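Trainee: This is the structure I want to talk about, given as structure tokens.
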Amino acid sequence: MGNYFKQLSIALFFSLAIAATMVLGQGTRVGFYSRTCSRVESIVQSAVRSSFNSNPTIAPGLLRMHFHDCFVQGCDGSILIDGSNTEKTAGPNLLLRGYEVIDNAKTQLENACPGVVSCADIIALAARDAVVLAGGPGWAVPTGRRDGRVSLASDTSNLPGFTDSVDVQKQKFADKGLNTQDLVTLVGGHTIGTSACQFFRYRLYNFTSTGGADPSINSSFLPQLQSLCPANGDASRRVGLDNGSENRFDSSFFANLRDGRGILESDQMLWTDASTKTFVQRFLGIRGLLGLTFSAEFGKSMVKMSNIEVKTGTNGEIRKVCSAIN
């Protein structure tokens, strides 16, 4: 009898553990396609690598696409849908890149495993593969997401913005189940790549009521930014978000914040606000604070983000073509 209760307790423990995992992951799991499409990861990886080899700037594009997809309607591939007034047409998404990579991977997967792999999962896998190719860490990507059927430009208003205060940023992340550490970590990773002058030029010339520059910009860095983005110059000209390390995944972004070299106002605020500065300092290994390893924490935060409001089971669909609802 004692052995029976012991076995029952063990079975109950594992049932609870599985249930907890399903709640945390909302039904996604690593290896979801192991029996139905075992080549899914290698096919996506190949598509990303092929594009990256000809254009390395595709890496930040794919990472940002995943971020923008997850913050609107959850991680459901709704960012990919074509049409008037879809998410793709909204202001924050107009400069996103990498759609052709997702389409390429989807075409190959439909040939190998028709109707099995969701576009939402392709985005999640492609984002990870892009980070690895850019010199960043890899992580196990839980899969099993299904594609959403709704894509509205009006829903993009909750995307984090380049002028958002830290409190607003924290609230937008908290609304998606992400904490302050996740915020600092994910922003740090999403600064590979570039930004158009139009998103930060106001900081260089007319930030204050007197028409001066943002005082949080390092005075020796300001002339460099002004030469890249003249007051009446091309607003679409692109500048690296992580000065000295654009298109390369590393932790130098945090040193740039410390040194007043953040490009976007919302990024530099992470150093000037006490609640986020602590995490920046921990990534920098400031003495007296418990250190954090950026590459390890980034993978953890990406997994959390990739499970925002996912659709699984019978919710959503598996699109045949990523840009159109079935």
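Heads up, the Cβ atoms here are built off N, Cα and C, so glycines get one too.
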Trainee: In TrEMBL, CYS322 is paired in a disulfide bond with which of CYS75, CYS113, CYS119?
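Mentor: According to TrEMBL, the disulfide partner of CYS322 among CYS75, CYS113, CYS119 is CYS119.
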Trainee: Pick from CYS37, CYS197, CYS229: which cysteine does TrEMBL list as forming a disulfide with CYS113?
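Mentor: Partner cysteine, according to TrEMBL: CYS37.
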Trainee: In Å, rounded, how far does the Cα of CYS75 (disulfide bond) sit from the Cα of ASP69 (Ca(2+) 1 binding site)?
Mentor: 6
Trainee: Using a 10 Å cut-off between Cα atoms, which of these binding-site residues sit near CYS119 (disulfide bond): SER78, GLU87, THR191, ASP242?
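Mentor: For CYS119 (disulfide bond), the binding-site residues whose Cα atoms are within 10 Å come to SER78.
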Trainee: Around the Ca(2+) 1 site (ASP69, VAL72, GLY74, ASP76, SER78, GLU87), what further same-chain residues have their C-beta within 8 angstroms of the site's C-beta centre?
Mentor: HIS68, CYS70, PHE71, GLN73, CYS75, GLY77, ILE79, GLY148, SER151, ASP155
